[in-house]
Amino acid sequence: MKIYYEHDADLGFILGKKVAVLGFGSQGHAHALNLKDSGVDVRVGLRKGSRSWEKAEAAGLRVLPVAEAVREADVVMVLLPDEKQAQVYREEVEPNLKEGGALAFAHGFNVHFGQIKPRKDLDVWMVAPKGPGHLVRSEYQKGSGVPALVAVHQDASGSAFPTALAYAKAIGAARAGVIATTFKDETETDLFGEQAVLCGGLTRLIRAGFETLVEAGYPPEMAYFETVHEVKLIVDLIYEAGLKGMRYSISNTAEYGDYTRGDLAVPLEETKRRMREILRQIQSGEFAREWMLENQVGSPVLEANRKRWAAHPIEEVGSRLRAMMPFLKARVMEEVG
């Protein structure tokens, strides 16, 4: 797998172009501000009436309605929520994209699953930072960067890849390393990670542990500390030094319990069998079709689950305990503009 760094990228491929960033949420604000600070001619495209409009202007960015921003641009980076991209593309992006322009994404979902079918005259590429927007911005400001994936879906001009690499350099990603991949691999592995491990898997493991302790008569506060609060301590060790490094840092008692009892909590082969089914549903497009239909009918399953999970006792206990820890800073995610 090829990794590219700053010396591999020529900013000239992006400095000579007008870039429109659609959206000013977590990734949008970071991309737009980093591009601006790198000397790129950037404007932000937002819906009229968007709550993000004033924020973007206050940050010193030029803000336009989506269609107008697209008409001006040579490169259009789409940083809207997955479920909104296809409609915005059909109604406001495609009719205004100049011939021979470039269409860019930070996630391959809509292109890979055919929700967006770009014209043949366009370059289509992706730069996907492997970190949240606030980190993409803060690391750039420190003179560092967040690693990113880069991929080309369509190369009409013959220079799609160097342009994508230049874009990655302009947002700071090439300082840390840019890994070449494909839209297929980025999309399918990203969805799998979210569903099986990072979001779906981890939340079920946490909830099961919390409920087991509470149902056995332990105080909910103790259960929360042991099954929720301390997750960060272990994840940080894994993040910094891998599984081996984490095990080096914990007690021998904890390490022995890890090896001898972990399979009771998460049976490895059975878990892999279930994970293969999750992956099959992603690869076949079944999940994508389900998610698109869910949005077409008003997101009833999503909303019902939000309410159900928000009502779980773990939320009330956690809220009380976090209020006792002033060193914690709650981060409220803003709606993508």
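Just so you know, glycine gets a Cβ as well, placed from its N, Cα and C.
The NADP(+) site recorded in Swiss-Prot comprises Phe24, Gly25, Ser26, Gln27, Arg47, Ser50, Ser52, Asp82, Glu83, Lys84, Gln85 together with one of Gly114, Gly131, Gly133, Gly143, namely Gly133. If you count neighbouring Cβ atoms within 10 Å for each of the recorded positions Arg47, His107, the highest count belongs to His107. Residue counts for the domain 'KARI C-terminal knotted' (182-328) under DSSP, split into helix (H, G, I), strand (E, B) and coil, are 124 helix, 0 strand, 23 coil. Each residue contributes its Cα atom, and for Asp190 (Mg(2+) 2 binding site) and Glu83 (NADP(+) binding site) these two points are 16 Å apart.
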